[in-house]
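*Asks:* Under the heading domain 'Amino acid transporter transmembrane', TrEMBL lists 1-406. Summarising the annotation, TrEMBL assigns transmembrane segment to 6-27, 61-89, 109-125, 132-157, 177-199, 220-239, 259-280, 323-343, 349-369, 381-406.
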Amino acid sequence: MSRLGWIAGPLTMLCFASVTFISASLLRNCYKSPDPEIGPNRNASFLDAVQRILGKMNGRICGVVVVINFIKVGIVYTITAAISIRAILKSNCYHNQGHEASCDYKTSTYMLLFGVIQILVSQIPEFRNMKWLSAVAAIMSFTYSLIGSGLGLAKIIENGEVKGSIGGVPTSTAAEKIWLVSQALGDIAFAFPFSLYFLEIQDTLKSPPSEKATMKKASISAVCITTFFYLCCGGFGYAAFGNSTPGNLLTGFGFYEPYWLIDFANACIVLHLVGGYQIFSQSLFGTVERRLARQFPGSGIVHDNYSFKLPAMPALRLNVLRICFRTTYVICITAIAAIFPYFNEVVGVAGAINFWPIVVYFPVEMYIMQKNIESWTPKAVILRTYSIMCLVVIVFAFIGSVKALISARLR
């Protein structure tokens, strides 16, 4: 918001929300195939839909895109969790020693701590399917979003003015401003990953009413609620701090007091990310492990489970493949995060790298195939023009975000 200003910031947020809603509207018609109304095939995931509707080649490309999505989320979550843990320690330090104290803590230590936690939690089979996980994640999200918005509003009242400008953060040259805008677009793109999980949610619904009708209401609610919170956090933060707005409202230390509330909000973020990391990662774990199980049906390393029980804990079913593969994966993700521990820059790259294929290209192409829309008809031309326009914006965002990441690494 601070990079775009008071006009372009909210408008860009609303544009990305609109693109996400259009994607949801197109995907609703891709749950059943070849006929979007009667099926008979049901596509339980985004990847299933692409393979069945667009063919194996598109399915392979989509598979790579989905894997990239899981990896990028793991990297961003590791960085964010480490920054939030550090923010808790810094908040307590500033409270005890004063706002001018150095209070310097290295994020790499807390990335390693988060990685160790993920190695342990990743050994729990079907962790992502535990019913309480989504509820905890939702509660944590609402909590820290409300706290961040509330602190921003309180700061505005304390300042007695609304800071910020129409043009956003000023720069010495036009080129620098263009790069800042491109990075902002990447950051916003990361905030709208809804499309990849749309069909998985739709597959859990019972009918009547039809899954399409239910998901229409759900997608409207989801996009409106998330966009509202994004606008509140971004808007209140920018209004409170203006050109000095921190990249992460709860960890950039625009706020020092009440320190316990800042600690609580960052603890909510960490708790959310511990579960969120597994929600994303265990989809990848399950896919790889099922494929290896089919390829090596007689392997004890792949199939044999060993029970392990700690006092006052439920028994764990450990597996050699699960231990080796999942541990290696978490170590690699943690290592990449430690090499590039730059929150805003990494978020920008992560947002732009696969937004277009997941949110725009594949939904558009599947909808055209499902509805048997012929090439060069007005509807096909409009949809593909929309897809190309989105591609241009995302390429611009990706180039700017990569430049910012390289610059941050070389500093």
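Using N, Cα and C of the backbone, Cβ positions are placed for all residues, glycine too.
Let's see these features in context: how buried, what's close, how far.
*Replies:* Listed by sequence, the residues of this chain that lie at least six past the ends of the transmembrane segment (109-125) yet keep a Cβ under 8 A from its Cβ atoms are 78-79, 81-83, 85-86, 270, 273-274, 277-278, 281-282, 285, 316-318, 322-323, 326-327, 329-331, 333-334, 337-338, 341.
Beyond the ends of the transmembrane segment (132-157), by six or more residues, the same chain brings 229, 232-233, 235-237, 239-241, 249-250, 254-255, 261-262, 264-266, 268-269, 271-272, 275-276, 278-279 to within a C-beta distance below 8 angstroms of the stretch.
Residues 1, 3-4, 8-9, 12-13, 16-17, 19-20, 23-24, 27-28, 30-31, 43-46, 48-49, 66, 69, 73, 76, 168-169, 171, 215, 219, 222-223, 226, 230, 344-345, 347-352, 355, 358-359, 363, 393-394, 396-401, 403-404 of the same chain, all 6+ positions outside the transmembrane segment (177-199), place their C-beta atoms under 8 angstroms from a C-beta of that stretch.
With a cut-off of 8 Å between Cβ atoms, the residues of this chain six or more beyond the transmembrane segment (323-343) that come close are 71, 74-75, 78-80, 82-83, 107-108, 111-112, 114-115, 118-119, 122-123, 247-248, 251, 281, 284-285, 288-289, 405, 408-409.
Beyond the transmembrane segment (381-406), the same-chain residues lying 6 or more positions past its ends with a Cβ under 8 Å from any Cβ of the stretch are 19, 22, 178-183, 185-187, 189, 340, 342, 344-346, 348-349, 351-353, 355-356, 359-361, 364, 367-368, 373.
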*Asks:* Hey, which of 6-27, 61-89, 259-280, 349-369 has the most Cβ-Cβ pairs under 8 Å against the transmembrane segment (220-239)?
*Replies:* 6-27
*Asks:* The transmembrane segment (259-280): which same-chain residues, six or more beyond its ends, come within Cβ distance under 8 Å?
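*Replies:* That would be 69-70, 73-74, 77-78, 80-81, 84-85, 87-88, 91-92, 94-95, 114, 117-118, 121-122, 127-128, 133-134, 136-137, 140-141, 143-144, 147-148, 151, 250-251.
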